[in-house]
Amino acid sequence: MHTCVFKNDARKAYLDADGKVDLAKIQARWTELGKIKVSLGNKYFTPAVVEKVKGLSDSDQQRFLDVMMGGLSNDDSSVGVYATRPEDYDVFSFYLEPLIREYHKIEGQTKQEHDWNIPVGEYVLTKIDSRLEKVSMRARVARNVKGWNLPPSMDKDERIRFENKMVEVFGSFGIPGKYHSLTPGHKNEITNQQADELRNKHFLFNDMTTDNHLTSSGVASDWPHGRGIWISEDETKMIWIGEEDQLRIISIVQGNDLGKVDQSLHDLLNGIERSGLEFAEHPIYGVITTCPTNMGTGKRQSILGKFPNITKGGTDEKKLKEVARSLGLQARGVGGEHSNMDKEGTADISPSARFGVTEAIVTKRLFEGLIKLYDMEVQAAGGNRQNCCIIY
Ligand SMILES: Nc1ncnc2c1ncn2[C@@H]1O[C@H](COP(=O)(O)OP(=O)(O)OP(=O)(O)O)[C@@H](O)[C@H]1O
């Protein structure tokens, strides 16, 4: 079995005998990785960046190393950097800005705008196919709260304090629900079996210590302390604590109107904001997230659907991924990112863009992309709609 390495051990390879950051060792590792796969973290670690880093204080150099730990520790990273605190996006902008621009395909001046004005009754899936009556629809936003470190650099005490702060918020924000904690000894602690049941329902995130990207970057440190999930009584709204971001605010609705899942998510988000929590926001990049790929809206909206013809009975999931990419969408397996599709080609489809688009545009792109994707599924079935078993 693949063993995961934790940040404090992994970072030792990039320190000198006095415990200071050794830029030459970092440079050598990026060069080595470049022969396997060029991540954005690697591509933008230029000689000019090295010169800038030399001028930083010792503690900022240590932070800079932390930012790159995920990329340095994994051969398969495509981005490979995580912010460790909201200020990283300014302190290390000489490195992160070009990377963010490339990932989000931003040219010229861009300032993130927000727009939750998403029409209900417009993006209705039965308009695409009448059988898309009851589809699993999900929308989530990533959020972090001002004044706290981001998960890669929280220590155990900060993680536990953050969880308890959120438990107070859940008691006051007016939506009936229950908090389930993974923290040993927490008053709301659940058993491993209960946690697995929540995972099977697609509610709870996976054990983070099984993912080397999360362990090596420090995101998974102190697992399972300070981790948990709040779930509304009607099980349509949930909030993750302590995963890649401090908060993942989620709605899952079974139905066919994409606008309804947005409405549900926005109600939840407003409830949290009413409690007085202030989210970390950047004047240009929008909401601050641990991974630069989520900056902007922090929103990912998806549906679960079956694409047995494009994927040739699940044997060619690469094809679905390619087709989806050409439509500005991303296709994942149903177990979350990096999971595989089944023999019916069941996939989680979401728009890729998060930055430089509004929340409303994300929903519109999902709907418009699905029109084309289902059309391609019908074509792959030889034009016979009845050969497409599209429901999850
Ligand atoms: N439309 C959907 N309906 C129900 N569950 C879903 C849907 N889309 C995704 N999920 C589930 O949500 C869980 C989280 O997925 P995943 O980790 O890929 O995404 P995420 O929360 O958006 O975070 P990230 O993009 O950082 O990985 C998984 O269990 C996945 O199956």
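Each position is counted from 1, following the chain as shown.
Here the Cβ of each residue, glycine as well, is placed from N, Cα and C on the backbone.
Feature annotation from TrEMBL assigns domain 'Phosphagen kinase N-terminal' to 22-105.
Residues or ranges marked as domain 'Phosphagen kinase C-terminal' in TrEMBL: 133-380. Summed and averaged per residue, pLDDT over the domain 'Phosphagen kinase C-terminal' (133-380) gives 95.
Among the features that TrEMBL reports, ATP binding site is placed at 136-140, HIS202, ARG248, 300-304, 332-337. If you draw a 10 Å sphere around the CB of ALA139 (ATP binding site), it holds 28 other CB atoms from the protein chains shown.
Proximity of the binding-site residues SER136, ALA139, SER302 to ligand 1, judged by a Cβ distance under 6 angstroms to any of its atoms, singles out SER136, SER302 in sequence order. For ARG332 (ATP binding site), other Cβ atoms within 10 Å of its Cβ number 22. In the shown protein chains, 22 other C-beta atoms lie within 10 A of the C-beta of SER302 (ATP binding site). Taken through DSSP, the domain 'Phosphagen kinase N-terminal' (22-105) splits into 55 helix, 0 strand, 29 coil.
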